[in-house]
Amino acid sequence: MANQNEVHGLYCDNDLQEGQDETTLFPDNNESSFSNDDSFELASSDLVLLDTVEQNLTLNDTTINPPRPLAISNNHTGGYHNSVPSQCAPSSEAYDDGWDFSSLPNEVEERLDPLFLVIETREEYEEKNDYSFMKKVILLTNIVNRKPSTAILLDEWSDTPVRTGDSLAIYDASEIEGDMIVSNSNGYIIMFPFYLLSATSVADSFTCLRRATFKEWYGSTHYLTKPIVYGNILHRVFQNCLRDPNEFTGLDKLDALLRNSIKLETVNIHFAGLTNDQCLNELRERLPAIRKWMLSITTGDERQPVLIKALIDTEESILSYRFGLKGNIDATVEASITGMRPSVYPLELKTGKVTNTTSHFAQALMYTLLMSEKSGSDIQNALLAYLETSTLTPVKSTVNKLRGIIIARNRLISSIWHHEIPPIVGNVRTCQRCYLSEECFTYNEAFKNEDSEIEPIQSLYQSKLETRDKKDIEFLRKWDRLLLFEEKIISKCKFDMYFLSAEEKEERGDCVNNLKLTKFPLDRGSSLSKRYLYSFFKDESIRTSLNVGDHVLLSSTNGKWTLAKGVITYMERNQVDTELNQFLSPTILNKFNSGDLPFPETDSVDALFRIDKDEYTGGLSLIRSNILKLCILAEHESLRRLIIHLDAPSFTKHKTKPASVVMEQLNSDQRKAIDHVLCADDYALILGMPGTGKTTTIACLIHTLVSNGKSVLLSSYTHTAVDNILLKLKQFNFPILRLGSKSKVLPEVFSFCFGEHDTASDDITVKKIYEEPLIVATSCLGIQHPLFSKRKFDYCLIDEASQIPLPVCLGPLENAHKFVLIGDHYQLAPLVKSSEATENGLGLSLFKLLTEAHPEAVSLLRLQYRMNEDIVSLSNKLIYGGMLQCGSQKTALKRLHISDTDPQKINRLLCSVKIGNSNLPWLHKLLDPAKSVLFFDTDGCSASETKNGRSIENIKEADFIFNSVLALTVLGLEQKAIGVITIYRSQVYCLRRVLSDFPEVEINTADKYQGRDKDVILLSFVRSNPNDSVGELLKDWKRINVILTRAKTKCIMFGSKKTLSSATLFRSLFSFLEEKGWLYLLKEDIGADGTVLTATTNITEHCFRNKKRELKVFDGENVLLKKSKLASFLVDP
């Protein structure tokens, strides 16, 4: 044990002396970007050098903790909670203070063992040797094995803000009579370890816990500043110098490197209001000092305490679920520290004028924790480099320092998780210089904190709030609380990801397990690229809700947790390709390779991996930021009046003339809608019913606006909706800028994108790319781009606005003078996970709010060109009250056309699958072009649903749909003309398995089919049970409206009339179907031999594939049909 009287803390050899000014920085909360070295000075009177960081954190506590812990064992061998294997127990050389990070648990089971749920907490006080001290007793349940246990927190840990319902991990605790003891001597606690906080956020909390919490909730400003841009450039210069120090010993080479680094940063330079020449002139002055310093720390200088021998990696991203931390390490280097052998260390580079701050040391020390876990080595030092002062300092980790960091992390995560922002500190100088003071004070008005010290800053406080309206504060309070409900559900998903088994998650569709790595990069490639493509194969068909474009986490099935983050780029039956942010080095992969040859010499890695959905919560901080900006920014006053106060919009006869050529192709409703928009002084609403040409109307509206010199911001919640409009606009040859990742953009509009790997070498080019196009398109969550700090548009058009929650919709609107919302609130409402949030209003779209408040602002599109008259009658009868009309006689009368409907050929098809004596009369009805709407009632043929956990399937309905698709395609209908829709995700998986040999048949849920259509739509309603339980999804009339309006010529439904009739809408539907003669009961017939002749072939239970992947249909003994024979159905014998 170290001498307890020794001064510990986050201060190193160059610690601040009492009374010395401290300055700190507030890096962007996004770990993927370089640190923002903006200076932020604190008054010297605010700094008190304390013996330990723990004392700093517990300054306001009234309890006096003892200078020594209770006498407990230090051998770390007792109890199931000890997750560190005995062979990895700490030695005297490792840490004097009792922690050992030299080997960390790899297996998932070991990782989960110390995870507990808090059942009860209580505080107890004891007297010992004239000292009064508190201990916290926690009753726990092990989340994995459900065993109860007790933990006693002593010393600094007794102040851990743990409460009932929290989850926490306990490591390396001692044990007394079966209780876990966590004290300064043994053990540590990680609250909510599945919630990863960035090292910068935790470091920031040492200066102001309130601001750190606030930044996690609301994110950081996305405006680029001079310090950020200069920091980025100097980081590139520094990293390249480390990569090849001999290459840049001359000033000419260093100057060329600076020029190239500036060139790569040209876009950000432009948005920061700078020029390349300005950057070059100012930064060039620093090159001699940089050159001299780099030579001294890489080639040897006896005055330097650190010598860097090699660069191993740059911008390495590490996630740690053991410590609940994540970080982006500027550089990983091999270096020698005076008096020590060469080793690998994390290096944190600071490029601003601020030096030697607590937050800097804390950030560097957190990287030792992250690197220790990832590498399995004991990393006891970090390197802190200051470019401004040409100093490279080793930062030594000790238990006391690390304990202080973990305690700080626990306090920060407790505030975030429980949405309890710490009180205002009330320091005049601190608050005056804080860039978040206005947001901070406004939030305090909405959510009063009685502990906030307002009196010292009263005048500043009032000046920031003098323009606040009570309605604005109420609006902030309401929507912030609603978002909290939703955040709890998302956080629960993070929790599930952490402790549910891969099998459980795979059953839910959120994970793909047991994947083999088949294709991989052999090296890192370009130093600028941080995208690496990896292909994985699964022995059986992949069954998941994951899709191309989804963010995922890659882990080893029985090894390392979270090797990398990435995006799915391709997925088929057995294969999934990902673009990862980390290069999986041979060293890492060999840990999981059981083969004799080391990777990458082998053809594949003999290991199994898993891909989990990454429940990203960054979008919530952006959404909260939208609300806050609306409430506080002076530039949004008019928008506040329209949205919060619901002031009526005004309309003026316009002078803008629509282009006659464009208007000629539109119907009367569409022309009226465009004219309505042109008259709007504030906003206009367009309610477009299904198939009425909303996309065409939007494209023509944009053409009209741009032709008259107006700039347009086009947005929607989905990338697909945005791109579909851009496809319509291609014909007009307007300059268009499409913002967003290419992985989520349709390939047909790539020409509009300027991606992250594209370069612009000068300010003129950047301006041409970003500021000249009058049309800019992005998703609602894509407004973080720095472009929006420089441009404000004449109009913002938002498609599918009725599906977008109000706070999400605000983001794009805040960047335009006028806005147009296009939607239909009779179709899908905003998707909200929390039922509590939905009930309290989070499911309300801005479109619906304004439509109901000001119906005079709405223009209707009623003439549709998608559905024939029979199909459109369904939604007209159930939803629209007859308002939805066919736009032409041709639309009303169109019917399905298939190449051959010869009854003899159809019979040959049916006989070829050998369905006994039955000729499947229902198929004849389905194939009849005159029958556009049919509901096949499965109550007569034992088509009950099956449940597996939360999954609901109906295999019989899948059989019917297989037969339907088989018949339609064999008789000449193209696969891509057929769509299959169901309400349940598990039924989608079932149908995809059954229809796997029809890859062009699109199978999806109602939500995914919004805005899409097919010639033939086959619907599987799934629910069929003795209790007539229909579930909540099928009671949603908006969702049913969507699926009934996707078909052009034939809408075929399969379901149980008896079960579905328990829902009001379906009773109305069945009454209408019976009236029209469109309801058909499927029955089981008895053959001559007494066997049951079902109405279907029972395909699902008997589908197998051989090595050639031919479809085979079995009756139990004999092969009846091969895929290769399908074509022979149309051939005469």
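Backbone N, Cα and C define each Cβ position, glycine as well.
Heads up, TrEMBL stuff is auto-annotated, nobody curated it.
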Expected hit for region 'Disordered' in TrEMBL across 1-37, 445-481 is 1-37
Contact yes or no, the domain 'DNA2/NAM7 helicase helicase' (665-752) and the domain 'DNA replication factor Dna2 N-terminal' (147-335), 3+ Cβ pairs under 8 Å, gap 6+: no
Quick one: mean pLDDT on the domain 'DNA2/NAM7 helicase helicase' (665-752)? 94
Counted with DSSP (H/G/I as helix, E/B as strand, rest coil), the domain 'DUF83' (343-441) has 47 helix, 20 strand, 32 coil
